[in-house]
């Protein structure tokens, strides 16, 4: 085979590779790494509000996600929606109850390791007197946390 043909074949292959790629996609293999989770913020919600927790993580190879409340694994149910992808997992409760409060943990794992991130979710009763403000002296106030 002549060198011209070899170069020509190489160009066609490179052109095909470029055509198959999505914009911004890089064909280089990603470096293997254990999971690393972004911090999840604590939340205070009222009964009936929607709770959404997002666990964002990096790592390679593929990550798997699990959610726990007070040490008990959570699974999908009519009340609890869990949706996981390559880079994150989202837990959602459409209408929280007092019993939904507690420590939530996101566990992310791949063959190189496991990492967990905990957040505290507090649920306040709609009938609660917590945060009730009373004027004592005009221009000042006191907050009761009963």
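Placement of Cβ uses the backbone N, Cα and C atoms for every residue, glycine included.
Whatever TrEMBL says is automated annotation, not expert-curated.
Database features (TrEMBL):
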COMPBIAS  1-15  compositional bias 'Basic residues'
REGION    1-43  region 'Disordered'
COMPBIAS  16-28  compositional bias 'Basic and acidic residues'
COMPBIAS  29-41  compositional bias 'Basic residues'
DOMAIN    35-122  domain 'Ig-like'
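Counting residues 6+ beyond its ends, the compositional bias 'Basic residues' (29-41) has Cβ neighbours under 8 Å at 53-61, 63, 104, 106, 108-110, 112-119 in the same chain. Helix, strand and coil counts under DSSP for the compositional bias 'Basic residues' (29-41) come to 0 helix, 5 strand, 8 coil. The average pLDDT for the domain 'Ig-like' (35-122) in the predicted structure is 98.
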